[in-house]
Amino acid sequence: MTPGGGGPMKDCEYSQISTHSSSPMESPHKKKKIAARRKWEVFPGRNKFFCNGRIMMARQTGVFYLTLVLILVTSGLFFAFDCPYLAVKITPAIPVVGGILFFFVMGTLLRTSFSDPGVLPRATPDEAADLERQIGNAEDIANGTSSGGYRPPPRTREVIINGQTVKLKYCFTCKIFRPPRASHCSLCDNCVERFDHHCPWVGNCVGKRNYRFFYMFILSLSFLTVFIFAFVITHVILRSQQTGFLNALKDSPASVLEAVVCFFSVWSIVGLSGFHTYLISSNQTTNEDIKGSWSNKRGKENYNPYSYGNIITNCCAALCGPISPSLIDRRGFIQPDTPQPAAPTNGITMYGATQSQSNMVRGQRQHGEAACHHGQSLGPGFSQESWGRIYAAQAL
Ligand SMILES: [Zn+2]
Ligand SMILES: [Zn+2]
């Protein structure tokens with residue numbers, strides 16, 4: 001999109017209007033006036049965007065608001081009706097610790113809900129056509145010229161990761177071979193990297209880019225729920241020692257509601273935290289665990305190739321590694337149809353694709369790739385390694 005890269009068509013248009021050569025200062029200014037739309041406005045997945053694309057969520061957010069209301073109301077009642085009594089009778093540290101936990105829970109919840117979970121951009125029409133051609137060639141070779149019977153095209157590819165063969169499935173919606181561990185979320189209609197699951201409680205997919213915040217959310221929420229439950233019970237016991245049990249309940253009716261909410265939610269929250277702690281320690285996703293991808297039942301030589309073989313390294317990889325940048329550049333501007341040089345990567349031939357559309361998405365891709373390389377410079381990441389393998393596999 002450099003001003004000099006106008007191409008022959010633009011030059012031709014200008015030469016008809018005036019004999020002045022288009023100055024490089026003029027043309028980008030003109031372009032900006034026409035193209036004020038951002039990429040999130042034409043995003044193909046089923047997502048909601050707020051704040052001009054800064055916030056990204058799933059389309060259905062009803063259960064997320066329920067989560068918010070439950071946390072806000074229960075914590076609000078605790079701070080309003082239990083904390084004043086407990087601070088005087090026991091220690092003022094109770095509202096302080098509760099407050100810190102509450103803000104941590106809200107911060108990690110909003111970070112999980114409002115961010116890009118690791119959506120993979122869909123293929124441009126050119127890329128899709130090229131891939132179709134490759135698949136077609138592979139099919140021809142497989143069938144041979146003599147055999148007349150029709151076979152479905154091979155829509156899977158295999159890569160070897162740490163000695164384990166991993167199948168890459170073709171996504172008919174996104175028109176890509178999904179990288180290892182990626183999966184298509186049917187609710188959001190996106191392929192998500194290191195897809196864990198779609199969580200309606202946080203109103204977003206949980207994937208590569210927000211998994212650690214999701215884990216910190218459920219872990220801190222476990223602590224907050226146990227904390228509130230324990231001190232609400234303490235509050236009721238202290239009051240009933242003074243005035244009797246029934247009077248204590250009458251004096252602090254909010255405590256009853258808090259205790260009920262905490263009692264019914266604590267089991268599932270603590271259970272979920274334990275389950276994800278197990279997943280993190282063995283470097284698995286919920287998706288892989290449910291499918292039993294690395295289960296011994298599938299064969300003795302079946303093992304999880306992503307595990308580092310050490311619980312501490314697995315935890316560090318999931319919780320402390322660099323966060324890869326978003327690949328969808330949702331706040332970038334849509335570029336108007338500027339003729340672009342053919343993609344230099346693998347000599348893709350042009351098919352009858354809408355020029356403006358393909359340029360728009362290619363812009364995203366190039367941005368994403370650039371960002372990916374940037375991520376690589378930050379530290380060793382698994383994704384770059386695996387992507388390299390996929391590109392190598394696709395070249396075959
Ligand atoms: Zn997909
Ligand atoms: Zn989803």
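The backbone N, Cα and C atoms fix where each Cβ goes, and this holds for glycine too.
What TrEMBL lists as compositional bias 'Polar residues' is 15-25. Positions annotated as domain 'Palmitoyltransferase DHHC' by TrEMBL: 167-291. As annotated by TrEMBL, region 'Disordered' applies to 1-30. If you look up TrEMBL, you'll see 63-81, 93-110, 213-237, 257-281 marked as transmembrane segment.
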Original post:
What are the DSSP helix/strand/coil residue counts across the domain 'Palmitoyltransferase DHHC' (167-291)?
Top reply: 75 helix, 19 strand, 31 coil
Subject >> Arithmetic mean of per-residue pLDDT over the domain 'Palmitoyltransferase DHHC' (167-291) >> reply: 94
